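J.: First the structure, then my questions, so here it is.
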Amino acid sequence: MLKIGIVGCGFIGGQICRAIDGGEVSAELYALCDSSESKALELAASLKTCKPSYMKIEELIRGVDLIIESASQNAVRFIVPQALKAGCDVMILSVGALADEELRDTLFGLAKEHNCKLYFPSGAVVGIDGLNSASAAGISSVTLSTRKPPAGLMGAPYVVEHGIELEKLEKKTVLFEGPASEAVKAFPANVNVAATISLAGIGFERTRVKVIADPSLFRNVHEIIVEGEFGKFSTRVENLPSPENPKTSYLAALSAVSTLKKILNPVQIGT
């Protein structure tokens with residue numbers, strides 16, 4: 001049975017734990033790791049059948065087959081290279097870290113060198129399968145428009161640096177428009193989907209992103225438009241925010257669980 005270690009015990013990490021604990025996913029939940037030991041222990045204590053240990057990252061890496069990162073972009077930079085060198089497969093949720101070309105090349109190189117797999121869930125959007133297919137023929141443009149309630153954008157580096165008072169917004173306001181390479185740094189906890197789209201499509205510099213704060217919204221809305229030699233397609237998702245973290249869409253957690261199921265399933269459906 002696949003032994004899994006989860007790094008990051010927030011909403012997404014918790015949902016994955018509960019999916020394994022409830023028998024929805026047939027795997028061994030071996031260990032948890034979080035910058036807050038108490039948070040990891042609290043999550044472990046809430047489970048009914050699984051009894052994962054709390055471990056420091058070095059110990060966790062030595063004991064598992066698959067690490068699921070659901071912590072932060074900094075965690076990706078620090079943990080994933082170590083895991084790959086140790087022969088662990090890794091699922092990355094904080095995909096925005098890979099906007100760093102040097103890090104991206106390092107991780108892809110290590111995965112190849114050590115015969116490991118890197119998994120990137122679709123996250124809070126749909127259409128990644130179509131984007132993968134379209135890239136085989138050639139894509140001319142990819143645009144992502146993300147609209148969120150102001151509360152879901154609080155604390156983002158871009159918001160803080162520009163002194164934007166989100167709580168005072170009375171109408172829909174465009175906060176950012178530019179390449180995905182800049183968007184994932186400006187809003188690291190909000191637009192990981194931009195990174196996933198970039199990896200599947202035409203890269204971080206050519207993928208265009210617009211981030212909008214909309215006080216009339218109660219959901220996170222992601223719209224993607226893709227054009228190329230295949231034709232054109234568009235997708236729209238209205239996600240309910242996580243009840244624990246308004247910056248995270250519930251669908252992102254479900255996507256991680258689905259990716260884990262796909263890893264374990266001998267039958268693969270879709271691109």
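Cβ atoms are placed via backbone N, Cα and C, with glycine included.
As annotated by Swiss-Prot, active site applies to H222, with the evidence given as sequence analysis. Here Swiss-Prot flags A124, N192 as NAD(+) binding site.
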J.: Do me a favour and check the Cα-Cα span between N192 (NAD(+) binding site) and H222 (active site); whole Å is fine.
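T.: So the alpha carbons of N192 (NAD(+) binding site) and H222 (active site) sit roughly 12 Å from each other.
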J.: Write down the Cα-Cα distance for H222 (active site) and A124 (NAD(+) binding site), rounded and given in Å.
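T.: Between the alpha carbons of A124 (NAD(+) binding site) and H222 (active site) there are 8 Å.
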J.: According to DSSP, which of helix, strand or coil covers N192 (NAD(+) binding site)?
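T.: DSSP call for N192 (NAD(+) binding site): helix.
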J.: How many other Cβ atoms sit within 10 Å of the Cβ of H222 (active site)?
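T.: Summing over all protein chains shown, H222 (active site) has 25 other Cβ atoms within 10 Å.
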J.: Sort A124 (NAD(+) binding site) into helix, strand or coil using the DSSP assignment.
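T.: Note: A124 (NAD(+) binding site) is coil by DSSP, not helix or strand.
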